[in-house]
Amino acid sequence: MHLDNSSCNLASLNLMKFLRDDTASDGASGAGGNMSLDAERFAKVVELVITAMDISICFADFPTEKIGETTRAFRQLGIGYANLGALLMATGHAYDSDGGRALAGAITSLMTGTSYRRSAELAAVVGPYEGYARNADAHKRVMRQHADANTAAQRMDDLDTPVWAAATEAWQDVLRLGEQNRFRNAQASVLAPTGTIGLMMDCDTTGVEPDLALVKFKKLVGGGSMQIVNNTVPKALKRLGYQPEQVEAVVAHIAEHGNVIDAPGLKPEHYEVFDCAMGERAISPMGHVRMMAAAQPFLSGAISKTVNMPESATVEEIEEIYYEGWKLGLKALAIYRDNCKVGQPLSAKKKEEAKTEAPAEVEKVVEYRPVRKRLPKGRPGITTSFTVGGAEGYMTANSYPDDGLGEVFLKMSKQGSTLAGMMDAFSIAVSVGLQYGVPLETYVSKFTNMRFEPAGLTDDPDVRMAQSIVDYIFRRLALDFLPFETRSALGIHSAEERQRHLDTGSYEPAEDELDVEGLAQSAPRQAGPAKAATTAPAAKAQEPAAAPSPKQAHNSTELLEIQQGLNADAPLCFSCGTKMRRAGSCYVCEGCGSTSGCS
């Protein structure tokens, strides 16, 4: 949170590695052992890491040239720490306590003060960062603010007091050396999340976070989960004065129940030491915010930390958390409401199975499995020769005795081995589908109007134009095997039906309304019943002819043609792509004037 188009070189230290057990040195008994933070060794490691981080900027590559320029000009570093939650637990401090916050503030102050002291020492050798000249006053003012915050910080006990003393000395050196040498780095410290690297660093907790739960499950990328048990509990119990057998009993209780409530031999006043972010004894959201506020005055950047809130948290409660964080001077704040995501990397428990009673087993009534209906040895069939765009071929369509289509064979003349193989494979696929019950109309709807070469005129009077061989084949199959209603809905009609449409306005075949003898003797059929035609008064013969009734659609295809004035199955123009209009038995394009070849 410094400059746009910049980067921050991060590093983190495992605080538990600097916790010193003084029991052996002072001869104290195992129970209630003394612990201290090795401030001197911690400062030495910070100096070493800061030096390495600054050197790495000279050799690092960056995503964009602008980011590289800004980073080299300001040389921001981001040293931080991890395992603070485990450190506080091991030293007997509750996370949400004055003692815990005092120790966290002391460690952060020592880390940042030591970092800027080493930055000033580096500047004496290799010079300050490029942007220091125009930011000198602001930089030195920030250093004074850090030092003032260190002076005003509250000392709580013997554990944090030596750390505060080392931090005070470091900040005095920062002010003195910074005035003389200037600073090598515009920023020195942040608190990063250390989510995945924390596991590789042997950390029980990440960043400034408390432990999520004493027993937790981590979701793995490849599936499944792994159980993670806090290894700091025995040290904390020892620090609090419990005997080894009591420690074993409490640890066994935690492994079984996941918390310390009602653990054998554990005093209720010590429960708070083992409070976690989630679970039966969860740290309050403001406890997280107060811990961040304890560390923020001693950091160059911000804190990447999650404020855990229960699933029942309201909008007003979340608003209050952000408002309090602003009042306490936090630079950044992130809320995580439990179960707000479908999958979260860490959880306090495995997903519980539904506790509702299992529904009564329902007996399977119908279970459908497709069954192949093979054709008999002797089968009726039709072989059709065709020509599409000059390409000749033969189609054999065999059917069941009940007239249902069962298989199709295709053979193209002058074909090579590749085309012959493709046609055989296509025929087998369609035939097997038909025998397993795939309706022919499904194939027709999918394969008609597919356009590729060869295409054009055919020698079939019922299908004068085809946009491809596949288009022709399934139009021919539809005409041979589908009922009128089905293929009419698909826009497929024979030459006779198209002629009837031109004469009568309907594709449907005429109904036999009169008997054979009546047909032989009667006049042409009228629109009304025959009886009405013979009894009509003579005067009506002189009346003007009634206007023809509007054309009525009997199916979706005819309705589309009435609305658009076009044939639903008309092809697209080969020249301009416009929908063509039927002209006789062929088609003409109204866009460019092209014809299908015979109009």
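Yeah, the Cβs are placed from backbone N, Cα and C, and that goes for glycine too.
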Original post:
Which stretch, out of 1-37, 223-259, 519-555, is listed as region 'Disordered' by Swiss-Prot?
Top reply: 519-555
Original post:
Between Thr194, Thr196, which of the binding-site residues has the fewest other CB atoms within 10 angstroms in the structure shown?
Top reply: Thr196
Subject >> Residue, out of the binding-site residues Pro193, Gly195, whose Cβ gathers the largest set of other Cβ atoms within 10 Å >> reply: Pro193
Original post:
Relative to the mean position of the Cβ atoms of Pro193, Thr194, Gly195, Thr196, Ile197, the recorded substrate site, which additional same-chain residues have Cβ within 8 Å?
Top reply: Ser12, Ala82, Ala192, Gly198, Leu199, Thr206, Gly207
Original post:
Are there any residues in the same chain, six or more apart in sequence, whose C-beta is under 8 angstroms from the C-beta of Ile197 (substrate binding site), and if so which?
Top reply: Ser12, Ala82
